[in-house]
Amino acid sequence: MPSASERTMAAAATPGATPAARVSAPRPVGRIVQVALVLVLAAGVLSFPALAPNPYILSAGIVVLNYAVLSTSWNFVGGFTGYISLGHGALAGLGAYGTALLVTRAGLPSFVALVVAALLVAALAVPIGFAALRVRGASFVIVSIALVLILLLVFQSWSSLTGGSRGLVVPRPFPGLLRPEHHRVFYFLFAALLGLALLAWWLIDRSRFGLGLKAIREDEDKAEALGTPTFAYKLVVFVVSAGFTGLAGGLYALWFGDLDPVFQFSILTGSYMVLMALLGGVRNLFGPLVGALVVGIALEYFKVEFGDTQLHLVATGVLLALVVLFMPDGVLPAVGGLLNRLFRPAQSSIREVTAGELRDQRAAEAQEREPVDAGTTAGSGEVRP
Amino acid sequence: MPSGALLFQSVILGLLLGGLYALLAAGLTLYFGIMRVVMIAHSAFLILAAYLAWWSHSRLGVDPLLSMIVTVPLFFGFGVLLQRMLLARLRPVTLTMMSVLLTFAIALTIEGLLGYVFTGTQRRIQLGYGSASFGLFGARIAVVKLIAFGLAAVALLTLYLLMKKTTFGWALRATIQHRDAARLVGIETERIAGYGFGIGLATAAVGGTALALDTTIYPSLHWHWIGPLMAIIVVGGLGSVPGAAMAAMVLGLTQSLLQIPLGTTWAQTIFYLALFATLAFRPQGFFGGRLAQRF
């Protein structure tokens, strides 16, 4: 099954507009279905506040949206480069505390503080990424986990600044609003941030930069040998990811209004992001969002049903293990593959073309090429699948 | 300036702690050598062993040290099964990343189950000899700490002899050095790799029992161990057992000495500082480690 990324790769690998047009042209129906699905999704997300029966459900929706933003932000690193970070929870925590401290100590307006904090988190991601990304694979994961543990230590111990375990209260940005209105406003803010993150992911996915990142994911040695500045690319995308994660964390701080190091610098937050993105599918734009819908709702359910027991840890662990073992590509590709098998049984990875079709195709290509390079023999060109 | 006796006591305690770190880091290094797997669940199994020791003491009334008769073979079996049934099934291309996630998932599951079965209450073994201590040049050293160190030292020595003197150890080292070549000379690398994981996890059983002797345990304690342990194996050079042991002793000692001016919480940050400094300036680690070059 050709995934979206493979198609863009094929298109970018052969310069000129014709191959791209040829690849995407045969599936206009698929394109329409895609656009329709996106519109339905957007409509569903935007109409949720009107449909939510009570403020609790609305706040649960905000939590799920927050997870969606976080795991989409995570997916900048995880999806493009294949580097798994378990420490993105710490970046969100930094964004949250940064926003809160800038509001309470420096007296900045809430949303200015949010942006400044996110920029600070992105700046901090440079040295972290420098240490973590110089070497391959394992060290990156180790650093990402260490980041969570060290920040938890620091923020718990440094109580004169952070309030320590007593927590830190963040003043509300809209003091006049009642609770349900407050939720409603922040629901749309989170939705806007999600849209922004998805747009950025989509743009990178289609760019040359994204192509380089995906080359790192597939084979870092070969990518490096072909001249991709792998370290710089990895660092840039890590910083972008950290910036979005910081924004999500800061927005959470403004919404929730009360921060505790144990929850802000929890290894669990990071693992939820990974689980959501993997479950949905890291190579898909909407994979993390789908994963966040499933896992986020399940988590809320667990909170209501089992309360304070540790069963949600077991459920998270078992689900993560199952996804890693049996569905490392995620739900979306699995469902897509199933649909393809059910509705288009004729299509397989090996494309069968009869001699007659091939002759017609070549003739068409020759005609297309005629005005550009009239001198060359059109028929001699190799046939690209 | 702290008194000489206090310094001396910190040095002794640091060395005793370093011994335990060294044993546990040796297990982590073993997994990494065999399969390039960073085993996040190592310390979760450590806490599991500690809980089993506590349980056998408080419910069955046996000495916690005797619980090792059950936990060591049990953990060996777990390790073999873990490697053969789970890790070997992952795709080789993405093995490094996916194995981290898989072992992370196992760690979460163990933590959750411990919390569910034993609740989050902090537990501590009350031993008859728990408060006994003896003086040495003005330093007070608890007997249980010495026992813990003795356990770790014996286990490390056994591991060393096993690796260097037996046919199995020879096969295991061959598997670590060059898997394909080992297979060519007739070593059943799959089975050896499984046993290697079993031995790694058996070190967690020994370490857990030693830990339970003088530490208050709770389900989420393993996060406080996995961070320092991962820092140790990176500083030591991933994949090098002597390097890990050296790094464990040095960092354990440093942590213990830093506790005098900084207190226990801030002293822990030395591990993470060492980790970041190592990766930024000398990514292959400080004590050799040929494998580390590529990771």
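Numbering starts at 1 and runs along the chain as displayed.
Cβ atoms are placed via backbone N, Cα and C, with glycine included.
TrEMBL labels come from automatic prediction, so no person has curated them.
Noted in TrEMBL for the protein shown:
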TRANSMEM  B:6-30  transmembrane segment
TRANSMEM  B:37-54  transmembrane segment
TRANSMEM  B:66-87  transmembrane segment
TRANSMEM  B:99-119  transmembrane segment
TRANSMEM  B:139-163  transmembrane segment
TRANSMEM  B:192-213  transmembrane segment
TRANSMEM  B:225-253  transmembrane segment
TRANSMEM  B:260-281  transmembrane segment
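Of the Cβ pairs linking the transmembrane segment (B:37-54) with the transmembrane segment (B:260-281) and spaced 6 or more residues apart, fewer than 3 are under 8 Å, so the two regions do not touch.
The stretch in B:6-30, B:66-87, B:99-119 that contributes the largest number of Cβ pairs under 8 Å to the transmembrane segment (B:260-281) is B:6-30.
For the transmembrane segment (B:225-253), the most Cβ-contacting stretch among B:6-30, B:66-87, B:99-119, B:139-163, B:192-213 is B:6-30 (pairs under 8 Å). Proximity of distant same-chain residues to the transmembrane segment (B:66-87), defined by a Cβ-Cβ separation under 8 Å and at least 6 residues beyond the stretch ends, is recorded for 34-35, 37, 45, 49, 52-53, 56-57, 95, 99, 102, 106, 190, 193-202, 204-206, 208-209. The stretch with the most CB contacts under 8 Å to the transmembrane segment (B:6-30), chosen from B:99-119, B:139-163, B:192-213, is B:139-163. Under 8 Å from some Cβ of the transmembrane segment (B:139-163) lie the Cβ atoms of residues 5, 8-9, 12-13, 15-16, 19-20, 22-23, 26, 65, 127, 129-133, 169, 172-173, 199, 203, 206-207, 209-211, 213-214, 241, 245, all in the same chain and six or more residues away from its ends.
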